[in-house]
Ligand SMILES: Nc1ncnc2c1ncn2[C@@H]1O[C@H](COP(=O)(O)OP(=O)(O)OP(=O)(O)O)[C@@H](O)[C@H]1O
Ligand SMILES: [Mg+2]
């Protein structure tokens with residue numbers, strides 16, 4: 001058996017040899033730059049420091065990267081079926097599990113790559129435009145667990161939280177993509193999951209039942225812990241609890257993808 | 001062929017819902033053999049091939065390739081196989097070369113030289129660095145063959161490989177497949193509707209209809225050896241009616257345009273000729289009428305088109 005890393009290299013090749021991938025990268029670079037430049041031109045009274053602007057932009061940025069990564073997850077699995085290339089891919093001396101794992105890894109690497117670029121761009125452009133503040137007052141709320149830490153720690157933690165949520169949404173898209181073999185459905189439903197989070201959280205607040213704290217949507221907003229709050233309305237939870245809930249969903253999604261992908265016939 | 005068969009299908013069945021698409025198919029393909037898999041549309045050729053390469057599961061029976069069960073030892077079994085299932089769909093946004101690199105990485109020990117060698121073999125060297133989306137169907141078919149033979153498989157499975165090839169391409173493929181089977185001992189399993197094509201390239205053909213194996217026939221070296229067998233022969237003579245009289249009822253003769261046909265064994269044919277000549281009938285030619293595979297195929301499947 002050849003080296004497993006070769007499978008990941010193949011998946012990477014199929015991601016980065018597409019022009020669409022680099023157009024996505026263009027958005028990840030341009031959107032923060034534009035936001036910062038426009039903000040600095042049009043806001044006379046408002047005074048933001050580089051960290052505040054960076055974290056503001058990170059929220060838009062992660063929505064964008066999540067959508068892009070879901071598109072890649074959908075292409076990666078469902079795309080092979082619609083292109084018909086799955087028939088050539090699966091008749092190699094590899095188990096279907098290995099093929100699926102290589103695809104999952106490449107999509108997560110894609111998300112990681114874009115998140116790192118996003119971090120670098122948002123940091124850089126805001127330092128260039130607003131100057132570097134080493135000790136910003138009011139960035140970290142007083143009841144935050146990170147009070148007293150450096151703005152670097154706070155920013156990195158915020159990106160990490162958002163990245164974890166991204167991986168869970170992408171895993172969801174990946175599951176739909178292998179279950180339905182339709183990229184459209186996978187992309188559509190994942191974006192719904194991403195965007196309906198706050199609405200569903202609102203509804204859960206009304207429902208006011210103990211099980212609401214096991215619902216996925218609110219836990220995708222891990223950053224609420226950074227500001228001293230917690231994501232589920234009326235049911236205070238801990239950061240570890242949220243991670244646990246996300247982990248359970250992550251495992252379920254992966255089990256479903258794996259079961260469907262390895263067991264189902266490839267016909268038609 | 002004394003070696004063990006490369007592929008062995010034993011009672012292979014496929015049911016989808018209540019429909020039986022493949023019904024207890026049993027056959028073997030030997031090393032170095034070009035084996036044709038013939039059947040009308042919808043008879044189950046592609047379904048059988050999909051089971052051979054593990055794309056779909058079997059409802060019953062088993063397939064072993066080079067001694068490894070496709071069911072229980074899939075990676076080992078499939079490492080001996082190169083295949084094109086239906087159309088050769090490749091990654092359109094990659095170049096032909098990148099496609100080959102992609103598939104080469106999935107097997108062990110495929111060198112850059114081997115990739116270049118294969119490109120040369122299928123005659124794509126001029127266009128290999130173009131994106132596949134710019135390829136014609138025939139070029140994609142060639143690239144499909146290239147990816148299938150990269151790792152020197154002992155079994156090459158091709159589902160309607162002549163689809164989209166021009167006459168020169170078909171001829172090249174045929175020659176190449178024969179060479180591959182002769183020189184490298186590769187077993188080739190080809191499905192096709194093009195019956196005349198199969199006659200030219202296969203050693204044996206299996207005919208299936210409605211998922212059932214109807215017949216397996218050898219196409220090579222039979223006519224000359226089987227001297228005892230009855231053959232249908234055409235005599236071209238000047239006066240067919242007079243000639244029939246000379247035969248004195250030896251063999252059932254039919255008068256046809258410019259002669260007559262008779263069914264007889266080799267010795268009788270020589271005998272008949274002597275009699276005709278003695279009787280002053282001019283014999284211009286004696287020809288054995290070999291049924292084309294097409295006739296046999298239509299005979300066996302009852303001329304049905306879709307089954
Ligand atoms: N996924 C499926 N579900 C239900 N029936 C199927 C499926 N795939 C194939 N069939 C049926 O199985 C039969 C065999 O199909 P198959 O594609 O194997 O035929 P084939 O011999 O390759 O035909 P062709 O010469 O047209 O390529 C057909 O009757 C077809 O309708
Ligand atoms: Mg077919």
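Using N, Cα and C of the backbone, Cβ positions are placed for all residues, glycine too.
Note: TrEMBL annotation is automatic and uncurated.
The structure displayed is predicted, hence computed values, not measured ones.
The transmembrane segment annotation in TrEMBL covers A:21-42 (among others).
Taken from TrEMBL, the feature transmembrane segment applies to A:62-83 (among others).
Feature annotation from TrEMBL assigns transmembrane segment to A:104-132 (among others).
Long-range Cβ contacts of the transmembrane segment (A:152-174) within its own chain (Cβ-Cβ under 8 Å, at least 6 residues beyond either end) map to 51, 54-55, 58-59, 62, 65-66, 69-70, 73-74, 76-77, 103-104, 107-108, 111-112, 115, 118-119, 123, 139-140, 144, 146, 186-187, 189-190, 193-194, 216, 219-223, 225-226, 243, 246, 249-250, 253-254, 257. Feature annotation from TrEMBL assigns transmembrane segment to A:152-174 (among others).
Taken from TrEMBL, the feature transmembrane segment applies to A:186-207 (among others).
The transmembrane segment annotation in TrEMBL covers A:239-261 (among others). Outside the transmembrane segment (A:239-261) by six or more residues, the chain places 77, 96-97, 100, 104, 145, 164-165, 167-168, 171-172, 174-175, 177-179, 213-214, 216, 219-220, 222, 225, 230-231 with a CB less than 8 A from a CB of the stretch.
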Any contact between the transmembrane segment (A:104-132) and the transmembrane segment (A:62-83), i.e. 3 or more CB pairs below 8 Å with pairs at least 6 residues apart?
yes
